[in-house]
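**Student:** Pulled these features from TrEMBL for this protein:
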TRANSMEM  31-53  transmembrane segment
TRANSMEM  65-85  transmembrane segment
TRANSMEM  97-115  transmembrane segment
TRANSMEM  135-155  transmembrane segment
TRANSMEM  176-195  transmembrane segment
TRANSMEM  201-220  transmembrane segment
TRANSMEM  293-314  transmembrane segment
TRANSMEM  334-357  transmembrane segment
TRANSMEM  369-389  transmembrane segment
TRANSMEM  409-432  transmembrane segment
TRANSMEM  444-469  transmembrane segment
TRANSMEM  489-508  transmembrane segment
Amino acid sequence: MENEILEEKFKDWRGRDTIPGKHGGIRAASIAYVVELLEIMVSIAIGNTMVLYFMKSMHYSPAEAANMVTNFIGTSYLLTLFGGFVTDSFLTRSTTFTIFCSIEILGLLVLTFQAHYPNLQPEENKTPSTLQSTVLFTGLYLFAFGMGGTRPSLLAHGGDQFDSRHQREISKFFNWYYFFVCFGWLMAITVMAWIKELFIISIVLLAIALCIFALGLPLYRLKRPSGSPLTRIANVFISAARYRNGSVLDVEMMQSLTFTDNYIHHHKKLKCLDKALLNKNISATQVEETRTFIGLLPIFLSTIVMNTCVAQLLTFTVQQGMTMDRKISSSIEIPVPSLNVISIIFMLAFISLYELFGKSINRTSSFSLKRIGLGLTLSSISMAVAAIVEAKRKHEAVQNDVRISVFWLMFQYLMLSFSDILTLGGMQEFFYREAPSSMKSMSIALGWCSIAMGFFLSSLLVAITNAVSGWLGHQWLGGEDLNKSRLDLFYVLVCVLNTLNLLNYIFWAKRY
């Protein structure tokens, strides 16, 4: 029987065998740091300003604007699964990044054209026309589609620059990668927050990122696509079902005759999939690939609710800040998203200190799971704090006609920011480490898809909350006046859901 052997084979950009020392390594991987820095500056700055853009320029209500932003961001992250699939199946990671980054730029060009052409914006006190909405959503979702391809391809491309046997080097790459994510985030909410022509500057930054990435082509190790992993997974399940009544002895014999890729982790769970080996076209490698990927799904699903908490930073927390005292002095008023500055500076310091003094830490998969658990815990605490702060803000505004300082929001910003980096960084390092070599991009995309589903869940939760509370007499999140809403109770609801989700995560993490 002819067996499938899936090994990690890398070529240079001209299709020739790579040369150690010339291709790959930290020099090639560091280009991904710079490119991600520029990309995250653009995506965070756009995401932070979209709520206000939708309300002030396009005249949507606060609830509509909040849902539009969460749907946009959720879609961009959900599309990373498609981008990861394309990368693993058909294109090299560098080709995928180049194509999708170009699509990002095209989307921003459409949004820029609308922002500078008055006929494509609604008149005062009117909602957008069909044409105006079509142009808006075309530009918005071209940008989202582009992000869906660049994120998994760039991160997996960076990890590919290191030999898979050097796990410590790969772990260091992921940590420094998120250092630059945080630094880009910092630049987005400080420097980018003050820029008026944000769309134009964003186009320039993405064009520079694309050029920098292209200049590094002679240095890269490129992973050749190995065909559709979803097809292989489907074939394993179909074969296992077809031969479900096969002999156990026959299965054991096929296992002994079939080569299993050394890069695949061996799991004892889902032994029923071994029956697929009775199909002579299915190798043990394919069965282990399938078993490994399926084993990652409970961890992935257990992180979705946490991202519902993160969604609040871009929606209701921004609206809270707009009703609070944002003045530092009589002439300086800070943008609400800039509250993240302090928390991000702490994160930058933490990552640097961790890499300098954490060399003795055994960076195993178990450590990554604990890191994710800590992030989930912080997200629950942050929602409890958010509920308390909102109750105080509303009490002072309604009872005493006083606007409390916007710095009260710093506590939830600090904890949710740490939670996001701990969970997302831990997830993607864990998925990259555990995934089969032919599914690295798709597995990394699971981390982004968790964010997507969390943002969609946030929109659904807002709709359900308004429907139920409205049926009971008063919508918690209805209308434009936050002082007449019950945002504090909504935060309590999210806190309870996230705490239940944490218990669910602990259950699956202990059994991985």
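Just so you know, glycine gets a Cβ as well, placed from its N, Cα and C.
On a predicted model such as this, the values are computed, not experimentally measured, just so you know.
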**Student:** Under 8 Å between C-beta atoms and at least six residues away from its ends: which parts of the chain pack against the transmembrane segment (135-155)?
**Tutor:** 32, 35-36, 39, 43, 46, 58, 72-73, 75-84, 86-87, 93-94, 96-97, 99-111, 113-114, 120, 128, 177, 428, 432, 441-442, 444-445, 448
**Student:** Decide whether the stretches the transmembrane segment (489-508) and the transmembrane segment (31-53) have at least 3 CB pairs under 8 angstroms, with pairs required to be 6 or more apart in sequence.
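**Tutor:** Stretch pair does not touch.
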**Student:** Hey, does the transmembrane segment (97-115) touch the transmembrane segment (201-220), meaning at least 3 C-beta pairs closer than 8 angstroms, sequence gap 6 or more?
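**Tutor:** Contact between the transmembrane segment (97-115) and the transmembrane segment (201-220): present, because at least 3 Cβ pairs are under 8 Å.
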**Student:** Considering pairs 6 or more residues apart, do the transmembrane segment (444-469) and the transmembrane segment (293-314) have at least three CB pairs under 8 Å?
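**Tutor:** When sequence-distant Cβ pairs are counted, the transmembrane segment (293-314) touches the transmembrane segment (444-469), since at least 3 lie under 8 Å.
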**Student:** Using a Cβ cut-off of under 8 Å, list the residues of the same chain at least 6 residues beyond the transmembrane segment (369-389) that approach it.
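**Tutor:** Same-chain contacts beyond the flanks: 299, 302-303, 306, 309-310, 312, 317, 408-409, 411-412, 415-416, 418-427, 430, 488-489, 491-492, 494-495, 498-499, 501-502, 505-506, 509, 512.
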**Student:** Of the listed stretches 31-53, 293-314, 409-432, which one has the most C-beta pairs under 8 A with the transmembrane segment (176-195)?
**Tutor:** 31-53
**Student:** Looking only at the recorded stretches 97-115, 293-314, 409-432, which one has the largest tally of CB-CB distances under 8 Å to the transmembrane segment (334-357)?
**Tutor:** 409-432
**Student:** Determine which residues of the chain contact the transmembrane segment (409-432) at the Cβ level, with the cut-off under 8 Å and only residues 6 or more beyond its ends counted.
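**Tutor:** Apart from its flanks, the transmembrane segment (409-432) reaches 155-156, 159, 170-171, 174-175, 178, 181-182, 296, 299-300, 303, 306, 309-310, 312-313, 317, 320-321, 324, 336, 339-340, 342-344, 346-347, 365, 368-369, 371-372, 374-376, 378-379, 381-383, 385-386, 389, 440, 443-444, 446-447, 450-451.
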**Student:** Cβ under 8 Å to the transmembrane segment (65-85), counting only same-chain residues 6 or more beyond its ends: which ones?
**Tutor:** 43, 47, 50-51, 54-55, 96, 100, 140-141, 143-145, 147-153, 156, 228-230, 311, 314-316, 319, 441-446, 448-456, 458-459, 462-463
